[in-house]
Amino acid sequence: MLEESESKEPAMNPFQKNESKETLFSPVSTEVVPPRPLSLPKKPSPKICGSNYPLGIAFIVVNEFCERFSYYGMKAVLTLYFLYFLHWSEDTSTSIYHAFSSLCYFTPILGAAIADSWLGKFKTIMYLSLVYVLGHVVKSLGALPIIGGQMVHTVLSLVGLSLIALGTGGIKPCVAAFGGDQFEEKHAEERTRYFSVFYLSINAGSLISTFITPMLRGDVQCFGEDCYALAFGVPGLLMVIALVVFTMGSKLYRKPPPEGNIVTQVAKCIWFAISNRFNNRSGDIPKRQHWLDWAAEKYPKQLIMDVKALTRVLFLYIPLPMFWALLDQQGSRWTLQATRMNGNLGFFVLQPDQMQVLNPLLVLIFIPLFDLVIYRLVSKCGINFSSLRKMAVGMILASLAFAVAAAVEIKINRMVPPQPGPQEIFLQTLNLADEDVKVTVLGDENNTLLEESIRSFQKMPHYAQLHLKTKRQDFHFYLEYHNLSVYAKHSMEEKNWYSLIILEDGKNISSMMVKDEENKTTNGMTAVRFVNTLHKEVNISLGKDTFLIVGEDYGVSAYTTVQSGEYPVVHCRAEDKDFSLNMGLLDPGTAYLFVIINNTNQDPQAWKMEDIPANKLSIAWQLPQYALVTAGEVMFSVTGLEFSYSQAPSSMKSVLQAAWLLTVAVGNIIVLVVAQFSGLVQWAEFILFSCLLLVVCLIFSIMGYYYVPIKPEDLQEPADKKIPHTQGNVINLETKKTKL
């Protein structure tokens, strides 16, 4: 039957090149399919300033800039939003962040299928951009504290992120290709330069947004908290602008019709070859040179040859997800690491999520540096720095970046106060009396556990570590003040921090025990609490919508997170009297205790001390790991995509793009799994990722050593070469044997 079809229509070739970047592959059939007319403009589209660049690409480049600003700006503050607004744990925040990133790289397959098979690129971009905008609206509403409670915020956030993932992923494979469709084939050089400008717009949008949106979050207060609604709303507005700009150029665009989904054709061809081979397992049936030759009964020879070339490249893709697993942690684990570091650079206070701006900035610097300097110097030294070797070196650099990140994490842990373990508590004493007080702590067996003399209005120089015999234990405190000795008993529970506050009442003293925060850390935030020694309740205004009420007679407030910075005038009210407190400079990552004391000659004043010292390790220590991982990205990502394109036939470019994006998605899934199930401390997790990538790099190097690159001319069959006739169930295909 196949021979008859070929003999009747020898001139039929459904794989001729057209002006579109995509090629339609259809099974060989005797049905006559009328050609579809292309909806191209009758006259050439207007050009930019008399050049050969179509005017429509200006709208496409601006659209891409705004869209990337929208995506990366929203994503920059996402981890801290999970951590501080939704109050998820660090592991959960990391997992959801990477689940969202993974979804953003799965949906391009859906977008490509819709564009190629149904709507075409233009309508796909239009409709999915509307979904994109709706996702931003829902996400911004979920960040408003006045709308619902925790459950409502969580549901709105997850729905908004799902819509954003569908929008950004769906248009991802369409926008760049749609821009390429605007050029005529004779202007191939201009089209190449367009893609360079297009890539520049992506990094420019990412660079600006990752710097601005953390400022909108941290420097603006909404309802007394960081303004996440504004940080999500501005990127949403940029997406609206992107949609409007893209629509304005509608009449200038060349709009090729959908030509069929090549991804589906490839999947069907592979599936048919596997199933056909499985159904013909008999030893009487002759073997074929390649397992894809079993698709010859249904699919054309050229398609099978193209899929063979494609599978050779896809085999090299197997180790690649591990690299993306490391690269994409800049927005999750590395941002969480930055929250425990000091962002004060002297001339500027850098927010933890603003460190991500280093990646696009260094990409713009490293690409010309590597292309024009480093690669040329290596070439002059006589070293064959092939594409696969560049990718392997990129993996090694990313692995080193995580080794550096682990070293920084260890250094941070050494500077952070230790956490109380099982059958252990940490205790500090605050002496609010007017004279020195000697504090003696006895255990159940009257054994002395602690003995120190605390000066007036001075806390202990450090937390004392006390061991318990059980999970909860009573401790006996003896306070010597002047000639008085005061006894008190307090019960304390393991794994907690406590403050013993010594109070003065005339000539007598007493004590009260206050349990501090569960986790004695501010995660990069600034926290304050107050002790009110006045006989009146005090209302404290810390911001536009942040109020505290501290009870009278040594009432103690809970910790409240505030924005770091100067607080020279804090308005307070005690009954009918208004007064102000000077809280001074509040550093990021520091927890402060303020004791409100009465001054007979003036208004009440605040005595300030640090409960948790400021982060001492500068955030600039993250610069080496960002430089290493970005250098690895330039060597791996840019080189890898270029190599893959050179090794696959032109008809397989869209399939290759989808496969490349899938490796990014799988890499994010790896992080999600490790974050949820590893149970490792952070520095050990960094070491785990570093070692895993080294192992994968070794495997990839072995695969690359045995890989024999093919020349571009070998990817296409000569036009004058006739398709050989089939003999039985076997087609004698000429395949290029390689070591792979």
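Using N, Cα and C of the backbone, Cβ positions are placed for all residues, glycine too.
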Which stretch, out of 154-175, 616-637, is listed as transmembrane segment by TrEMBL?
154-175
Of 1-28, 29-56, which span is tagged region 'Disordered' by TrEMBL?
1-28
So which of 154-175, 196-216, 357-378 is most in touch with the transmembrane segment (69-89), counting Cβ pairs under 8 Å?
196-216
Ranked first among 127-148, 196-216, 390-408, 658-680, 686-708 for CB pairs under 8 angstroms with the transmembrane segment (95-115):
658-680
Looking at 154-175, 228-246, 658-680, which one has the highest count of Cβ pairs under 8 angstroms to the transmembrane segment (127-148)?
154-175
Return the stretch with the most CB pairs under 8 A relative to the transmembrane segment (154-175), choosing among 196-216, 228-246, 357-378, 390-408, 658-680.
658-680
Please indicate, using numbers and ranges, the residues of the same chain that are 6 or more beyond the transmembrane segment (196-216) and have a C-beta under 8 Å from a C-beta there.
60-62, 64-70, 72-74, 76-77, 176, 179, 227, 230-231, 234-235, 238, 351-354, 356-357, 359-361, 363-364
